[in-house]
Ligand SMILES: Nc1ncnc2c1ncn2[C@@H]1O[C@H](COP(=O)(O)OP(=O)(O)OP(=O)(O)O)[C@@H](O)[C@H]1O
Ligand SMILES: [Mg+2]
């Protein structure tokens, strides 16, 4: 698979090298084969990400505790003229992991490379990244929980001692040569911290969890991005977009862009008025809690096919024809956080609140 190297000041710094392998055997990294993936109504999320991504730490809104700690790491590193310790960011999709990972090398003024975990098939695929890594530079590894074991093991000494062990020959002639690397920083990102092996996790000096955003922070993000997009919106419309974006900046950006389309067509000044924002939400089928069609379909499937649960993840995935990864990464986190579903040892359950949200009587299910 293609290797992607990006250096600072190179505009083309997208992290689009994702392998969308799933539990249905689709291991081709081919988006087209996948049923409705994240951002259900917007296939251009990646492009939008790049346009609206904050460029410096001061542009990063919300996550104040994390930002504060990152600021301390950066200032201390700069003051000591040192190499930054390895950092792991975990959290749901679209929450700012790549954003922070790209802002850090900019703040430090160091080179930056991007690799996608699933695209590294063998240690040799990682080798060029490691040998290219300049003194103090950052290597960002996205979806680090999906590194193959052999690649992960190859990375251990590189992270710990800035050394790689290359095996040559076989049998009696086998020998290992060591190669010294320049001190560098790995920034890992994962939507599944729990899937990371313990030795991998332990190699990160700093570990930061990014959680869903508060509505006020999302309002701020929406307003700032409206300015970047040269569009205007009312205070109430900004609140509406923020409220329906599942605590996730990427979703807020997507909704803002879609709402802007409606404003372009309906408002003489192209302004996103409150009425236009409401109309857009209806057209996009985003409900009062911010659930999209696919989220509601999840709830409806568990209720109608599995009598409200408990239902196993893969059974739900098969019923919906959606990869389990997509369910776990993109759909379930917000449903869980909103208390609409529960995860139990026996499977997923739609809660009373989930039933009520669908306009159903919880008493109808024999299992709740
Ligand atoms: N703290 C923030 N302040 C302002 N905008 C943000 C912030 N976090 C994220 N965004 C916006 O959301 C977009 C998506 O964020 P990002 O790409 O960093 O998510 P991610 O956590 O890497 O997601 P994935 O798991 O899908 O890779 C960014 O391009 C940016 O526009
Ligand atoms: Mg990312």
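Positions of Cβ are set from backbone N, Cα and C atoms, glycine also.
Please treat TrEMBL annotations as automatic predictions, because they have not gone through curation.
According to TrEMBL, the ATP binding site annotation covers 52, 53, 94, 97, 98, 99, 160, 161, 162, 203, 213, 250. According to TrEMBL, the feature DNA binding site maps to 343, 348. According to TrEMBL, the compositional bias 'Acidic residues' annotation covers 7-17. The compositional bias 'Basic and acidic residues' annotation in TrEMBL covers 39-53. The domain 'AAA+ ATPase' feature in TrEMBL is assigned to 83-216. Feature annotation from TrEMBL assigns region 'Disordered' to 1-55. Annotation source TrEMBL lists region 'Head domain (RuvB-H)' at 288-368.
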Determine, to the nearest whole angstrom, how far the Cα atom of residue 160 (ATP binding site) is from the Cα atom of residue 343 (DNA binding site).
36
Taking every residue in the domain 'AAA+ ATPase' (83-216), the average pLDDT works out to 95
Expressed in Å to no decimal places, the gap between the Cα atoms of residue 213 (ATP binding site) and residue 348 (DNA binding site) is 25
With every protein chain in view, what's the tally of Cβ atoms within 10 Å of the Cβ of residue 213 (ATP binding site), excluding that atom itself?
23
Around the Cβ of residue 343 (DNA binding site), how many other Cβ atoms lie within 10 Å? Please give the count over every shown protein chain.
15
What remains of the binding-site residues 52, 98, 213 after requiring a CB under 6 angstroms from ligand 2 is 98
With the Cβ under 6 Å from ligand 1 as the test, give me the qualifying entries from the binding-site residues 52, 94, 98, 160, 343, 348.
52, 94, 98
If we take the residues 52, 53, 94, 97, 98, 99, 160, 161, 162, 203, 213, 250 that the record assigns to ATP, their largest CA-CA distance in Å comes out at 37
Of the binding-site residues 52, 94, 162, which one has its Cα closest to the Cα of residue 348 (DNA binding site)?
94
Whole-number answer please: how many Å between the C-alpha atoms of residue 343 (DNA binding site) and residue 94 (ATP binding site)?
22
